[in-house]
Amino acid sequence: MATSGIVESFPTGALVPKAETRVLNFLQKYPEYDGRDVTIAIFDSGVDPRATGLETLCDGKTVKVIERYDCSGCGDVDMKKKVTPDEKGCLKGLSGNTLKLSPELLALNTDPDKSVRVGLKSFSDLVPSKVRSNILAQAKLKHWDKPHKTATANVSRKIVEFESQNPGEASKLPWDKKIVKDNLDFELEMLNGYEKMYNEIKTSYDCVLFPTTEGWLAIIDTTEQGNLEQALRIGEYSVTHETRNVDDFLSISVNVHDEGNVLEIVGMCSPHGTHVSSIASGNHSSRDVDGVAPNAKIVSMTIGDGRLGSMETGTALVRAMTKVMELCREGRRIDVINMSYGEHANWSNSGRIGELMNEVVNKYGVVWVASAGNHGPALSTVGTPPDISQPSLIGVGAYVSPQMMVAEYAMREKLPGNVYTWTSRDPCIDGGQGVTVCAPGGAIASVPQFTMSKSQLMNGTSMAAPHVAGAVALLISGLKQQNIQYSPYSIKRAISVTAMKMGDVDPFAQGHGLLNVEKAFEHLMEHKESSDNMLRFSVRVGNNAAKGIHLRSGVQKNFIDYNVNIEPVFFNDKETDPKDKFNFNVRLNLIPSAPWVQCGAFLDLSYGTRAIVVRVDPTGLQPGVHSAVVRAYDTECVQKGALFDIPVTVVQPHVLESDQNTPVFEPSSTRGDKSVEFQPNTIQRDFILVPEKATWAELHMRITDPNRGKDVGKFFVHTNQLLPKQSCRKLETMKIVAVGSEQEATLAFKVKSGKILELCIAKYWSNYGQSHLKYSLVFRGVQAQNPNAYVMHAGRGIHKLEVEALVSEDVQPQLQLKNAAVVLKPTEAKVSPLSATRDVIPDGRQVYQNLLVYNLSVTKPAEVALYAPIFNDLLYESEFESQMWMLFDANKALVATGDAHSQTFYTKLEKGDYTIRLQVRHEKRELLDKIAETNLVAAFKMSNVLSLDFYENYNQCVVGGRKFVSATLRGSTRVLYIAPITQERLGKANLPPQCAWLNGNLIFPQDEAGRRVALHPFNYILNPAEKKTNTNGSGNGSSNAASTAAAAAAATATAAKPKAPATPPAATSVGNPAAGDGVNVQSDAPVENGGCPASPKKGKSNADDYAESLRDFQCSYINKCELEMAEKIYGEVVAAHPKHLQAHLLLIQNIESSQLKAQLPLTFANAQNSITQDAGEGAEKQKEDQKKVYNALERIIKLADKVIDETDSDGLLAYYGLKNDTRPDAAKIKTAMDKQKNNLIEALTKKGIAVAKRAVVDDAVKERLSEINNIYTEVIKFVDATDSKAIQFALWHAYAHGHYGRMYKYVVKLFDEKRSREHFEELAAINGAQGYEHIRTVINRMIVTSYPSSFRLF
């Protein structure tokens, strides 16, 4: 076989690149300095110890991942509850299942009381959503698909058979045939419904924990059957280094905290952390694919929270840092931290998280490496970290080499090495340098087993940072073995001064250059005795203590002098020997790198702060960005490199004229067609001062190269404006745009007038070929100029807008309000100390929480976003370390979780009541006390958008007359008016209760592109809700003094002691099981005679009023008293008012609530069957109880018959058959007839349920079916079976017929009214009765997850 042209060796060395940074040279020269004796903490999404290359160190025996923690709390299980197993080893788990410990397991338990701890854990957020989908798909294939498809086919077959035997329209079938057809249809609907919801099902497992001689042992009942001998058992990772598979995908480990009160189950919220670890320290059989430091140990610190996808939280970061401090103090030193995580902060010169990061570096000597971010190519896009208050971290940008392009990206040809287009750029917003060095930012490395893949390609600064972390591990490994003292400062200084500066690469992306490990080690060796190795130089500029100088505000026309404070700070400064501080002195030569930056040439610096003045004179600088640096050299050892830098960045913008013409920016070009040449990764930056009144801009691009045809260039467009105290993401556009020669590409984006805009266009790094791009930027604008134009207070009446255009603009205003905000006030705020082991920062700095509780009522299904305004959008820069909230339904099931950036994440909520618990953490208790009144905002998406009209004339606005639609604005101001929203419209909008304001967007331009981007957020403040006054009246309609006196007399006479009612007197809802079977009882007195009544009686005497009032008062207590007293009151009422039918119904209700346990059909039937089969000790008592139930049912039937017999059902049907009632008192007659009908329906349904239950007790359902049918046919003469008045009996009727499809339909309807565990259990029983065990299993899982015993831990 011909092999011409085939290369038989793969460039494996570039899969996990190391040659670019001289790592391979270093290891060849120093093979023993391979990371041994060094530990790297990976702050990430979790590390899989089973992943290829992460099992052991180079000796093939020693475990590589020595500790594994989930610092987020996502894996925590509350294990406070202790249970003692019975003599058989059985105990009740929190799922409700009986758990059985084998004799072997019982023997392992060393608890003095032989008790065990129990908990319950949902596993849905321990893995990424994609893996969760794979797990579900696999389980569905194994256990669901076959039985479900068989069941669906069988039901479909029965439907076809029925339709063939009963041709014609279903609506014309007789009732008995129709219920058969309905049953089959509903059964198919049930099967299809469960098929659709399968992927939403979450699995929770019982957890058992007890101490052994080998430490804590956790048992997780993954069998869901309670047989703990077959369950997953696992010891603490720090003791056993055990990981166990929950299924084919997910492996876990565990830790135990707070003396067993918390079980921490460690999973992984994404593959990211494992990939990162593999780059830093992977150890493979092939050295080509090794990580940078293959013999370094790993400590996995999960900071990504699975409840938030995988975002980091303040809690996780502080716990991770606390654990690092603890390990360092215990002698199990963490040498390096890699953090390939981060966000963008609104400011970086303060913040609790950043302060603790500095403490880890400055006090504990840990070298902290952080990814710079993937948010370029615009400037000032470095993330936090590394952009914190001190430049104590090593920030890393991402580089791609020609070898990587071939091996990792399968590119057809090599391009020159460069940084990736998207890597974040310096300077930090405060002028500091965030990117220290750059390193290879892509690798094909190991990933967790749950991905079902050995390795994957990932790229980003996330991959560049662990390369540097591994390189630092190599340096430290060598220094330790040579007993050379070092500090994070000497390490950072060495890699900075020895990095390889790349002349053709964007200077803002590479920091000091490409990492060179070999040179860095040589530098450390050469200067190992230097006195400054153990100190850093704090550089603080101006009053804000900025890390550098950054001028980016308007045109700079004058020089500016900056006060810069320089202070030497020793490592672990507070514990440094005072003699070292006294003896310290260094004489510096200060060298500016550009002539427009000036300062004194020399500085004599002892221990203490010295201030210098740095003059920046940008007056001669052309438009664009200009950078310089003041470097400080030790005059006694210049070759050591700069001891510190003062970075300076100045932006001079282009200024456009816009008096009469639309302002347009075009770049300068030497080409005739005014185009700019772009090679792969060419970056063109233009800085333009946005004209006043401009609100959006349009970028027009076209390739000018001839004969390009349909060939397009791939351009990364990034626009950015920096706003005060806001992150770089607040006003930016990022988009990859395909640009060709045949058609112009256009991109519109929002701008803010008076601020400098960076227009950054880059040809994507992997886009081959040369392109000539002609582009221009057109500014347009129209906006309201008057103060507070975009906030309207309903209470102030007419709202005025003074609208002006940039030059000339067609306007067609539109104001749509889409969200309704409800302000929630805390019902509880409690400050308490957190864990005494996990949440104590050394030494003894206890972290406290303020746990704030809020209540939210959702009156109809809605999409809701929750956020705490004072903490919103703050994480690293926040004064507090956490602001996590969790939303729970009425059953304490977790519905949603949010943190620092939750304002844009909406959750679909069903109707119901919810509890929100917000946790804020800090070590200073007094600060937590100050936020006890923190508000939470619930933003509801409105189902119907409210659009407001505009008027040009004030009076027309007042009267709702002629509206303003559109016009052309030229130069002058156009005044528009908006009228407040009427109460009628607000009422129809179905706003949530206690709504405080509405918000949406106000749009002015008629231009389509402008309408998409030039959006002005608009708030409409509602008037405070009016307090409703209660009318003085009683439920029975009498409110006079006589009735009150009569009631008092009656109460005295009967001396009744009422029970506390579960519901208001004589009124229960369909979803309330306390009412027996949930049929409504009318609170109004029924009509006492049958048939169609004439006009109500007139001219009643005071004695009649008294008698009726006394009767109604007595009736109100019949269903609330103890049964004996109720019988007495009932007897009195019936004796005095034999035709008062309501008394019978109220006594039925009392009997149901006191004598009968509220149970749905299958639950009731199963309970009765167990009594029949039980022959144990309690059998006699059970039979006595059964007899009481039977007698109660007999009594209910007799009482219901009294109502039925006294009611003329034919007369009712005749009345409701009337097309029109023309009698003068028709409305009153209708009211009376409705009451009579409802009482009859209730009596029928109560009787029907009692008859069905009695038949179950007698085991004679078939024999009583005819009687049940007769009652059913009477009921459906008046209401549908699904009506709330009849549905409970319809459910029993379906049970009597064995119609499980109908039962499903009725239970689901009841469930929609009120979600209860009983309804879930009945659904499980329905499927069990049909033989659908696969569905029953799934429903049981839903029950466990939906009804936890307590709120989830933070």
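A Cβ is built for glycine as well, from the same backbone N, Cα and C atoms used for every other residue.
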- request: May I ask you to indicate which of 48-95, 1056-1103 is given in TrEMBL as region 'Disordered'?
  value: 1056-1103
Two-stretch contact, the domain 'Tripeptidyl peptidase II second Ig-like' (805-989) and the domain 'Tripeptidyl-peptidase II first Ig-like' (535-651), at least three Cβ pairs under 8 Å: no
Field: C-alpha spacing of His272 (active site, charge relay system) relative to Asp44 (active site, charge relay system), in angstrom
entry: 7
Field: Ser462 (active site, charge relay system) versus His272 (active site, charge relay system) - Cα distance in angstrom
entry: 8
- prompt: Which residues in the same chain, at least 6 apart in sequence, have a Cβ under 8 Å from the Cβ of Ser462 (active site, charge relay system)?
  reply: His272, Val276, Ser340, Tyr341, Ser371, Asn374
- request: For His272 (active site, charge relay system), just count the other CB atoms lying within 10 A of its CB, please.
  value: 25
Query: Can you count the other CB atoms that lie within 10 A of the CB of Asp44 (active site, charge relay system)?
result: 29
